[in-house]
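A.B. asks: What follows is a single structure, and I will ask about it in a moment.
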Amino acid sequence: MYSPQRKDFVSLTLGDQHSHNYTNGKHRRQSCWRKWKQLSRLQRSLILFLLAFLFICGILSYPSLTEQKPPSKRGPPALQKRGNVSDWQVKDGEEAMIKRDEDGGKEAKTLIRFVKAVDRVEAVQEAFRHAWKGYKDFAWGHDELKPISKTHGEWFGLGLTLIDALDTMWILGLKDEFAEAKKWVETELSFSKNVDVNLFESTIRVLGGLLSTYHLTGDTLFLDKAKDIGSRLMPAFKTPSKIPYSDVNIGKGTAHPPRWTTDSTVAEVTSIQLEFRELSRLTKDPQYQNAVEEVTRHVHRLEGKRDGLVPMFINTNSGKFTRRGAFTLGARADSYYEYLLKQWLQGGKKETELLEDYLQAIEGVRKNLLRQTSPSKLTFVGELSNGRLNPKMDHLVCFLPGTLALGAHNGLPADHMELALQLIETCHQMYAQMEMGLSPEIAHFNLQSNNGRDIDVKPADRHNLLRPETVESLFYMYRFTNDSKYRDWGWDILQNFNKYTRVPSGGYTSIGNVRDPLNPAPRDKMESFFLGETLKYLFLLFSDDNELISLDKYVFNTEAHPLPIWPSTLSGRSPELS
């Protein structure tokens, strides 16, 4: 109940208390001052020094004023890190700012938000620019960059890295880099050289790269160069069997097999068709298409296959398969199967014998080469040697999930897609189960659970050459399923390339041991296909534009150079196989 008297009493009491407290405080201050004056000058100085020291320590330790921790120096010199953020993830002149609360919880959250904010497409562009910087600074106009020794390697002397990367630069939107490369092609590139080149490698990298760049840009400079190299490769087909020699001297116009054999590899003679067929279509000169389709018809009729699977070697004199007991989807045979499907697509799905050979081969894989590991039941494609399965799979075989998915997208059996889903998981595990998150060149799979591991790697097989096959298949799988995990897997691969293979002065290097993060054993070589294929497929994987190189309008050659699917008025122009 409110009472005026109570209010007066309270006011009086509080006023008296305030007067009493003020008097006592004044006496206390006077007493403290007297005691301070009684201290000697030395004692007072020590107390003041101690107070000042404690004050400074308090400021330095206060969380909101703490300076950011310095970058971690652990790991190879190719990558300096700011927290969990790689050097290429922070723009020039900026740092990744990290806020911390008292328990440190905000630090991790801030880092996670920062890394997720990185534009993956831009990260690929940055990786390309870094690789290109090394090539431009130390290997300009030469075949390959040696990024650690800051010099170059030569194979054919045709500027392989530059030509392989032309359409990649165009697709990535790197117009300045493309312009300087085009100028080199216009003013420096000459095929009038007394040099032996490999028919297969120069077809897929040089001829394929020039044709693709012509289609993307419409610039006839690249078509003219394609005509030049294409005509210079034709002497390879002058053999008794019409199976081409492996090597051509593009200056002298002569061709020959390797010094140690008269055999060519089956993959090499059957994986030049997309390019030569397209060259005939553009030039209206049938000689190129006739030559490669003679090879296709010959292999189609040839005895010595096993359920559609082909041996690895073919003799240029007799035209017959040699060393018939070995069957693989790895080196020396891989792209034979890829080009069966892609020629069928290129020609408008009208060359039925190509499709029949492809379908039979996939059934041959299921019947003869397909197995599962223990304990995780990973599906893999082994190799057959004289009737005995070797549970070994090259990284090269990781092209197969993407090829199977491409076929399923074009109306082939649905179980092809099911197999693709299984195999891409295995290819992912070839990366994920390695200490560096990068795949070895060759993996061996356990059929029995001996050591609890699905994958073993022999010391001689532990190298990584920056190969594209897995990211190639990830690109196809994402395009056809829209499952974001394939993008995440590709992102992991790119991050590990940056972590373990990136050379600070420019470029990326192949490494010798994916199982030893402390000593990756760099090999001082950047293959041209890292720019021509690996980074291109990563960019397309992360791009949201499905019409950027639409898979309904283009087929990629085995070096990732897109060539157009022929218009329906021209489809099926090639003669049927007989």
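From the backbone N, Cα and C atoms, a Cβ is placed for every residue, glycine too.
So TrEMBL lists the following for this protein:
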ACT_SITE  E201  active site, proton donor
ACT_SITE  D334  active site
ACT_SITE  E441  active site, proton donor
ACT_SITE  E469  active site
BINDING   T558  Ca(2+) binding site
DISULFID  C398-C427  disulfide bond
TRANSMEM  45-65  transmembrane segment
A.B. asks: Pull out the recorded positions from the set E201, D334, E469, T558 whose C-alpha sits within 10 Å of the C-alpha of C427 (disulfide bond).
C.D. replies: E469
A.B. asks: Looking at the active-site residues E201, D334, E441, E469, which one has the fewest other Cβ atoms within 10 Å of its own Cβ?
C.D. replies: E201
A.B. asks: Between E201 (active site, proton donor) and E469 (active site), how far is it from one CA atom to the other, in Å?
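C.D. replies: Cα of E201 (active site, proton donor) to Cα of E469 (active site) measures 16 Å after rounding.
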A.B. asks: Where the distance is taken from Cα to Cα, which of the recorded positions D334, E441, E469, T558 turns out closest to C398 (disulfide bond)?
C.D. replies: E469
A.B. asks: Could you tell me the C-alpha distance between the residue listed as 'Ca(2+) binding site' and D334 (active site) in angstrom, no decimals?
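C.D. replies: So the Cα of D334 (active site) lies 10 Å away from that of the residue listed as 'Ca(2+) binding site'.
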A.B. asks: Round to a whole number and give the Cα-to-Cα distance in Å for the pair D334 (active site) and E441 (active site, proton donor).
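C.D. replies: Cα to Cα, D334 (active site) and E441 (active site, proton donor) are separated by 14 Å.
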A.B. asks: Take the C-alpha atoms of E469 (active site) and E441 (active site, proton donor) and report the distance between them in angstrom, rounded.
C.D. replies: 11
A.B. asks: Hey, what's the Cβ neighbour count for C398 (disulfide bond) at 10 Å?
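C.D. replies: So the Cβ neighbour count for C398 (disulfide bond) comes to 30.
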